[in-house]
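Have a look at the structure below, then the notes.
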Amino acid sequence: MPGGVRKRRTRPSPGRSARTGRAGEVRGRCGGRTRTPALLRLPVARHHVAVPHVTSLRRAPVQRRSAERLTRILDACAALLDEVGYDALTTRAVAERAGVPIGSVYRFFGNKRQMADALAQRNLRHYAEHVTSRLKEAPPGDWRAAMDVILDEYLGMKRTAPGFALVDFGNQIPVGTRSTAPNTRVADRLGALIAGYLGRTFDDDLRRVLLVAVESADTLIQLAFRTDPDGDPAIIRETRELLRAYLGRVLDPAD
């Protein structure tokens, strides 16, 4: 170096180096927090943690421990919905049941409605996964077999999934209200699965037909479970026949 002066290589001291603060934040040398770019906040694939893709999350989990905590919160929410109902549900009770600080709940959700909505969207994801798995075992191209899988998996969740009777796929949030958006999401998800299974295009006509089928089945299944806590078998049977007759107009091969 000119003049015999060697250029020092500076290293951040342990106490002053940038370090990770809360999820999605970095604490710099001056103690201030800056937002980490979104791409750097994505979950790391090697952890193999199922992170709910839900719009109601205030902040997506980044690390495995955070994702597992979110799962415990949603599991606790589902169990408490069955025990005390939606009106008596509180974020504090969910935190206590999940064994996490109340701040951990508010880290993900602003209120109990957002929490119930996240649970509903997780229900839809699990439902689609179960249907996809079972369709692999169904006779190829048999839409009636596919419809039976779709209906049977829904009935199974209705009977056994914690909290499902109250939040379903979100069409009763807040409980007691009705919204068309969740059934549209269900119809679109099922439409993509059925179209792939049958090897046909998921066009606007098929989307409309499946939305009508989902809305009709939803209403009738609600009736079946109001009549019988386990689902009235006769009404479920009529629902299955109605769906077969209606969908046959579109899904049966043309003569």
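We count from 1, first residue shown onward.
Backbone N, Cα and C define each Cβ position, glycine as well.
Checking TrEMBL for DNA-binding region across the ranges 90-109, 110-129, 190-209 points to 90-109. Here the DNA-binding region (90-109) has Cβ contacts under 8 Å with residues 23, 56-59, 61, 69-70, 72-73, 75-77, 79-80, 84, 115, 118 of the same chain, all six or more residues outside its ends.
According to DSSP, the secondary structure content of the DNA-binding region (90-109) in residues is 15 helix, 0 strand, 5 coil.
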